[in-house]
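Colleague: Below: one structure in structure tokens.
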Amino acid sequence: MMEFVLPDKAHDESRQGEALMLEQNDKNNGRKLYIESYGCAMNFSDSEIVASILMDKGFETTSDYRNADVVFINTCSIRENAEQRVRNRLREFGIAKVKNPGMVVGVLGCMAERLKSKFLEEEKLVDVVVGPDAYRDLPNLIDQVDDGQRAVNVLLSREETYADINPVRLNSNGINAFVSIMRGCDNMCSFCVVPFTRGRERSRDPQSIVKECTDLFNAGYREVTLLGQNVDSYKWSPSQTLPEGKGLNEESLPSGEVGGAFVNFAQLLEMVALIHPDLRIRFSTSHPKDITDEVLYTMKKHDNICKYIHLPVQSGNSRVLELMNRTYDREWYMNRVDAINRIMPECAISTDIIAGFCTETEEEHADTLSMMDYVKYDYAYMFMYSERPGTLAAKRYADDIPEAVKNRRLQEIVAKQREYSHYRLQGHVGKVHRVLIEGFSKKSDKDYCGRNDQNAMMVFPVDERFKPGQYVNVFAESCTTATLLGKIV
Ligand code: 5AD
Ligand code: SF4
């Protein structure tokens with residue numbers, strides 16, 4: 001499962017609600033589109049695909065939903081509070097629609113997929129509901145709404161990867177971009193709605209990925225984050241084809257892979273790394289059951305693959321992991337962490353943790369805390385368990401940990417993580433880091449910001465010789481709770 005804040009922290013909710021816009025026109029003659037995205041990096045990336053599809057049909061964009069002809073909200077369903085936020089936002093769109101009755105309001109993505117036509121019953125102002133595999137149908141669906149109907153397409157696909165669609169970069173700094181390498185998930189973690197909202201796992205043609213990344217590099221981008229719910233199960237067979245019949249051919253396979261072999265994630269990473277040494281590569285999310293030493297050695301081999309792995313543990317206790325259907329246990333996870341530390345001692349590791357999963361005891365919670373002591377994560381996304389309708393856990397287990405207990409366990413996890421985040425940042429102090437300048441710091445245009453290889457944010461005084469999009473060596477002098485402070489050397 002994937003999560004970031006700008007490239008890396010896919011489920012950072014601080015990014016939720018960020019408005020995404022674009023511009024163009026033709027047959028729709030300047031109709032204005034507004035898209036707002038919630039949730040994971042994959043949702044943000046999907047909004048760029050939606051934008052591309054509609055710009056091809058002549059839509060323009062606007063940053064103000066009150067002036068828009070079409071207002072889309074690309075939703076997240078992963079936790080209940082994410083859905084509540086979407087409903088609140090729809091109320092605000094409803095007020096704008098009173099003044100502008102021709103406005104088309106659409107719900108896209110995971111929550112659309114989960115609720116399907118029920119959404120139209122529950123939210124009277126919603127005109128169109130579209131699941132994540134049906135975006136090519138959006139122009140037709142908008143036509144139907146223009147003809148006075150309400151429209152739904154929530155069909156999931158086994159093939160759709162939007163491989164041939166060149167995403168429009170929304171709200172981009174021109175330096176970092178998300179590139180989706182696969183869709184869906186076959187893992188069935190018992191707490192998770194994603195297999196139901198995003199459908200079966202399928203990998204995208206590696207040539208289309210390499211082409212998209214090459215085009216980004218040529219357009220000045222310097223960092224791509226390869227996205228998938230479980231990138232380690234990326235697998236492409238040369239017999240697979242793009243929708244229009246353009247598949248991977250033997251000449252285009254990496255050397256040594258000719259003759260019907262699969263392309264796995266390690267090989268894909270290498271193909272992207274070889275585009276240019278100045279193109280940095282990140283990826284998310286890694287699944288502890290699938291991450292191989294081959295991936296780790298590929299990371300080690302290429303300086304431009306960032307030494308950072310998002311490796312969600314969810315729980316540190318083997319019984320709870322089994323109930324979660326994560327298909328690894330505590331020892332297996334520790335073994336993978338040991339492999340990372342052995343092969344790339346400098347590699348940063350982040351995680352996702354769920355507090356208070358069904359039947360979790362105090363001792364089992366203590367195992368999660370001790371796992372945190374073992375790994376000393378650089379960063380963590382921490383959640384209280386919330387039951388999601390339709391999931392295996394909702395069907396099989398009682399959500400029996402009282403809210404107050406879940407909350408207290410979460411606070412213990414958060415407090416511990418705060419210490420380790422600080423510990424890891426302090427480990428970077430006194431060293432020189434290669435940083436890609438991403439722009440000016442949020443607080444001052446006298447400072448630049450950018451991340452080091454391990455994904456730690458650094459802030460340092462502007463030096464006129466260097467511009468955003470360039471790499472600089474920065475000496476870390478000190479750190480705050482979340483940021484390294486330094487100067488270019
Ligand atoms: N309750 C709490 N957290 C959840 N996550 C996914 N589903 C749930 C749920 N029902 C968390 C997991 C996952 C991250 C994206 O969200 O930690 O890795
Ligand atoms: Fe991630 Fe598991 Fe959900 Fe798949 S089912 S998206 S691996 S948490």
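Cβ coordinates are placed from backbone N, Cα and C, and glycine is handled just like the others.
All annotation found in TrEMBL is predicted automatically rather than curated by experts.
Look at TrEMBL and you will find 31-147 tagged as domain 'MTTase N-terminal'. Look at TrEMBL and you will find Cys40, Cys76, Cys110 tagged as [4Fe-4S] cluster 1 binding site. According to TrEMBL, the domain 'Radical SAM core' annotation covers 171-424. Summarising the annotation, TrEMBL assigns [4Fe-4S] cluster 2 binding site to Cys185, Cys189, Cys192. Residues or ranges marked as domain 'TRAM' in TrEMBL: 426-489.
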Colleague: Tell me the Cα distance separating Cys185 ([4Fe-4S] cluster 2 binding site) from Cys76 ([4Fe-4S] cluster 1 binding site), rounded to the nearest angstrom.
Modeller: 15
Colleague: Within a 10 Å radius around the Cβ, which one of these binding-site residues has the most neighbouring Cβ atoms: Cys40, Cys76, Cys185, Cys192?
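Modeller: Top count of Cβ atoms within 10 Å goes to Cys40.
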Colleague: Given Cys110, Cys189, Cys192 as the binding-site residues, which ones have a Cβ positioned under 6 Å from some atom of ligand 1?
Modeller: Cys192
Colleague: Please name the residue among the binding-site residues Cys110, Cys189 whose C-beta has the most neighbouring C-beta atoms within 10 angstroms.
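Modeller: The most densely surrounded of these binding-site residues is Cys110.
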Colleague: State the Cα to Cα distance, in Å, between Cys110 ([4Fe-4S] cluster 1 binding site) and Cys192 ([4Fe-4S] cluster 2 binding site), rounded to an integer.
Modeller: 12
Colleague: So if I take the binding-site residues (Cys40, Cys110, Cys185) and measure from each Cβ to the nearest atom of ligand 2, which come out below 6 Å?
Modeller: Cys185
Colleague: Hey, how far is Cys185 ([4Fe-4S] cluster 2 binding site) from Cys40 ([4Fe-4S] cluster 1 binding site), Cα to Cα, in Å?
Modeller: 14
Colleague: Given the model, what does the mean pLDDT over the domain 'TRAM' (426-489) come out as?
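Modeller: In the predicted model, the domain 'TRAM' (426-489) has a mean pLDDT of 97.
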Colleague: What is the number of residues in the domain 'MTTase N-terminal' (31-147) that are helix, strand and coil, as DSSP sees it?
Modeller: 61 helix, 23 strand, 33 coil
